[in-house]
Amino acid sequence: MSPHNFEFHLPLSPEELLKSGGVNQYVVREVLPVKHLSSQLRAFQSAFRAQGPLAILEHFDTVYSILHHFRSIEPGLKEDTLEFLKKVVSRHSQELSSILDDAALSGSDRSAHLNALKMNCYALIRLLESFENMTSQTSLIDLDIGGKGKRARAKATLGFDWEEERQPVLQLLTQLLQLDIRHLWNHSAIEEEFVSLVTGCCYRLLENPTISHQKNRSTKEAIAHLLGVALVRYNHMLSATVKIIQMLQHFEHLPPVLVTAVSLWATDYGMKSIVGEIVREIGQKCPQELSRDTAGAKGFAAFLTELAERIPAVLMANMCILLDHLDGENYMMRNAVLAAIAEMVLQVLNGDQLEESARETRDQFLDILQAHGHDVNSFVRSRVLQLFARIVQQKALPLTRFQAVVALAVGRLADKSVLVCKNAIQLLASFLANNPFSCKLSDIDLAGPLQKEIQKLQEMRAQRRSAAATAALDPEEEWDAMLPELKSTLQQLLKLPQEEGDHQIADAETAEEVKGRIRQLLAKASYKQAIVLTREATSHFQESEPFSHTEPEENSFLNLLGLIFKGPEASTQDSHGDTDPGLTGSKDSPSVPEPEGSQSNDELVKQEMLVQYLQDAYGFSQKITEAIGIISKMMYENTTTVVQEVIEFFVMVFQFGVPQALFGVRRMLPLIWSKEPGVREAVLNAYRQLYLNPKGDSARAKAQTLIHNLSLLLVDASVGTIQCLEEILCEFVQKDEVKPAVIQLLWERATEKVPSSPLERCSSVMLLGMMARGKPEIVGSNLDALVRVGLDEKSPQDYRLAQQVCLAIANISDRRKPSLGERHPPFRLPQEHRLFERLQDMVTKGFAHPDPLWIPFKEVAVTLTYQLAESPDVLCAQMLQGCAKQVLEKLEKNATEADPKETAPRLPTFLLMNLLSLAGDVALQQLVHLEQAVSGELGRRRVLREEQEHRAKEPKEKTASSETTMEEELGLVGGATADDTEAELIRSICEKELLDGNQVLAAFVPLLLKVCNNPGLYSNPELCAAASLALGKFCMISAPFCDSQLRLLFTMLEKSSLPTVRSNLMVATGDLAIRFPNLVDPWTPHLYARLRDPAQQVRKTAGLVMTHLILKDMVKVKGQVSEMAVLLIDPVPQIAALAKNFFNELSHKGNAIYNLLPDIISRLSDPEGGVEEEPFHTIMKQLLSYITKDKQTESLVEKLCQRFRTARTERQYRDLAYCMSQLPLTERGLQKMLDNFECFGDKLLDESVFSAFLSIVGKLRRGAKPEGKAIIDEFEQKLRACHTRGMDGIEEFETGQGGSQRALSAKKPSAVSRLQPLTSVDSDNDFVTPKPRRTKPGRPQTQQRKKSQRKAKVVFLSDESSEDELSAEMTEEETPKRTTPIRRASGRRHRS
């Protein structure tokens, strides 16, 4: 067929070219075999060199055959074909530029070039698509091969790197389309198929997910330019719009790619109308359809969001089309529209020079954003807060909106969604960082200047009014000037009742005369008198104008005053009753001409602006203060990200000088112990930022600031706070983040080289001690200086400083038990060291003086002695003997001076208290010393000895006598080699020797028991507290002694009238439960009983102790754990938070809460001892929130349904129904309810029960699948039928009752009322002293657990009045005979 006699039609599929079509339509004559393709391609290349691009007309079959066999041919042939076709199209493009300008071009030549153009483009584009398809398939096969390996596989398959070849092909097509090729077609109208061929190739390339990768950026740009040319020159807009909408719905990787392209078209190609078309198509999408098509909605949302970031001004013209989606169900579309609005506020509607229409548009957009801060979807609320944070950060939020948006953020802090809370905190932090008011935001500091400037403004206005009067102001203008202050005065007076005082209107006075007086008072600015007179006139002249028909409200009253002041002619004028009466209200009113010119007006305006600024700043600081109170409660949330945001917020608030920020900075301290590394690091960063980088001109100035700031944290700090701060400083010191200048200055203050107060010295020693934990040499190298600073004899003695010196010195050694195999013995000081000499002297001399600070000092002194001294028991025995000697001397002296009639000598109470307290401390520390230091040293030496024997080396030099003495004394030279032997030895010493009659400690036991057994005789609260705590410490030593005194301990725990004693004993018994679990286990119910103690202090302590014991598996978790559940509704927030934390931790221990729930529900809904209905709901809502597993839910549903059969009261029915309504039910849970319907069907007559089950139906419907709705409908129908007609078996019962519902059961005592008085808590008959537990042969009865490291701080003060009591010990008849021993094997226990 001659080239001039055929026409090439672009096919829809390659097969069409093989079929005969219309007249003169080109048809492929032969598909060449693979073996001939190389030679035919060479022939095509030769023809191209001779004929140019038109050679394709005769050799198209060769190219078609290559495309047909593309998968079968060699990679080299593919690459040669591609390179050749690129050359052909490039040559044709160059020639067409001159051919198209030739006016004399013949029809046959035009037709030949048109056919060649279509053939060349078709062949090149089909070849491009073939390469692309093969690359995509190779990528799918090699998904597991990443990086270079994947790319190498593709290169091996194709013979070259295709990704580098795409861009040149696309650029070649772009150059071709940029020519005016329309002239090749008749009527200069390019056929649609040709445009579709080129653009379709682009869209297919975009469908490849890898197109969004950074490495394909050049390809994306080439595609965008090619499509841009098609849009501009070939009327492709409609097709592009439809295609873009389709691709957004199906390809999630395309939104950013298409945004880049559309932005390019709108800016570089001037095709802004394409944006309108696309937005119109999206805007016309049905919201209901998008709620089902989540993939499409996601694509549209991402596209709109990024498009708004790129070209907000272009998109803004079409925003009205999108606003309907704000009411749609799909939250992603709402988020996208809101994000677009925010971008317009940021980039288009920002600045102070906006026109009025633009300002109105901005305000409308901000209104929309604020409204969606309360959206039903948490993701939308969160997004709004994020958008406002960006607006604030870029200072695009008008000042008038600050209060409203801050209030929105504060309100969202209480949101149920963690994400919303987190973003609310971030928004408030953005407000702080970008606030226009001040770098220091303190409402206390701002209140004074605000009042001062308000007073100044009032004076300026008064001067202005007086000047205006002399200038004969128009009454209307004068009225406007006085209106704000007049209205303010009126508002204050209207709040007060009208006083019945002296009448100001005489009987003969007329209404006109009174009007004149009112006018004069207003002119003199005597507003209060004028208002009082007018109020009286309205009641006196009820029939006279203008006082008749005046309502006692603000607007009517102002109208009346205005009418009196301005005259009757003002009655037809508009009322000013709605004018803003604020201090800045006159800014917008007409200016009153001043005799002195405009300077006075300018000053007044400036003053009004200043007052407005201070008012805004004051309001802002108040909102921030309110937010601080809410955010501080979020510091212990379970979500790490929220906690981190809270910490960052308080860092920022602290830097802005808000007074309440210090509370938050202190409150974050315990988070240093968090198990979450992110939280711990956030706390360290916060303190690093706040304290380690202070401002100052020199290193010393910075050190002074740092020490001052840290000292503020120590003011009134608790023991827990100090421990947390110590951990943080230890971390900083170990990382060398604390400068040497800081440590140097601390020593100078401690040793008084620089002037410092006693408190400053004390805080310096405390800080040195904290740092010594990280680097012991800080204190160890200056030990003598520290002893001299705090322990030298003074008058009076500073026990607070001495206590801190002891604590600091204690940090120079490791307090942990020595590890086995340690080469060097633990660090200890000789007995003769001056430290112990001074400690012994201060303890014995201070013993005879009633100084309350001596008690905590002697406790740390004894602890330090046992920690650092060689043979500390000898030193402490000397302390005890010295103090006891003073007591005996005092007794002898009193005996000689006492009245002969007295039967027994008296002793000052504080001496007996100090003696018992010291004895208790020594007893406990002796136990710790034996179990840690002595036991650890025995083990260390044994391991070293075993290593020597194992290596069969020559014996080392004989150890020092000081190291062998202990083994000789204990009889271990023969070589006990087992841990059990050493533990048995230590246990034997504790049980048989420490409290033996010949030992020092044993001498104090009779005295201690006498004080504890006779609370009526020894009634001093401090003495009782000290004695009870000392008894608890003595009981820790020996199992036999503990067993003999448990009855006395629990009697005091139950019946002591002093909350301090009960609290201390709760701690003591908790420690005993860990050390001697088998002995204490039968008494566990009495431990639980303290959870309902009437004293807040005792309940809190009991909650802490039981939390520790239960979570550490030290006591059996029984149904009595319901007492812990009751603490969830405790009126004291700290106790309720403690209980919540307990259940949070318990929920992590397997199925613990699930197993306990049935018993808890039974106990709390028990008519005899349960809680009221509302508290029950609160408790169960919290506990049931921990049930998240489907199997647990189903099992609980079945159990609760069965409980309906045994429930006795309607209250119990309601409780069970409520519990079921709180469970996260599934279809299987619903099936369980249907299977057990007869258990509760007859209870549905109760309205509350019925409502609870209806709420279950509502929850099930929300997440139900279509196939599950039938069973839900069936369940609801059964519920309604039983509610209205009852079960088949109860119709006669309903008839007998006359259709009336059963009466509600009487209400039970509230949770608070369960805190019974001490006299009625657990009668004596409830006490049972268990018998000693029988143990298995070969296993000692008193097998002990390792004692807890924690030790309660002694508290001796009590606000409770003491009562004379008789013996606190129970009689033998009260002693129970039952035992409930626990079988425990310490070796098998899993410790958490």
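The backbone N, Cα and C atoms fix where each Cβ goes, glycine too.
For the annotation phosphoserine, the record in Swiss-Prot points to Ser1320 among the listed residues Ser111, Ser1165, Ser1320.
Checking Ser139, Ser1162, Ser1310, Ser1358 against Swiss-Prot for the annotation phosphoserine singles out Ser1358.
Looking up Ser98, Ser438, Ser1323 in Swiss-Prot for phosphoserine, the annotated residue turns out to be Ser1323. From Ser357, Ser600, Ser1362, the position flagged in Swiss-Prot as phosphoserine is Ser1362.
Considering Thr1084, Thr1329, the record held by Swiss-Prot lists Thr1329, annotated as phosphothreonine. This prediction places the mean pLDDT of the region 'Interaction with SMC2 and SMC4' (1-593) at 81. Annotation for Ser20 (phosphoserine): spatial neighbours Val27, criterion Cβ-Cβ under 8 Å with sequence separation of six or more.
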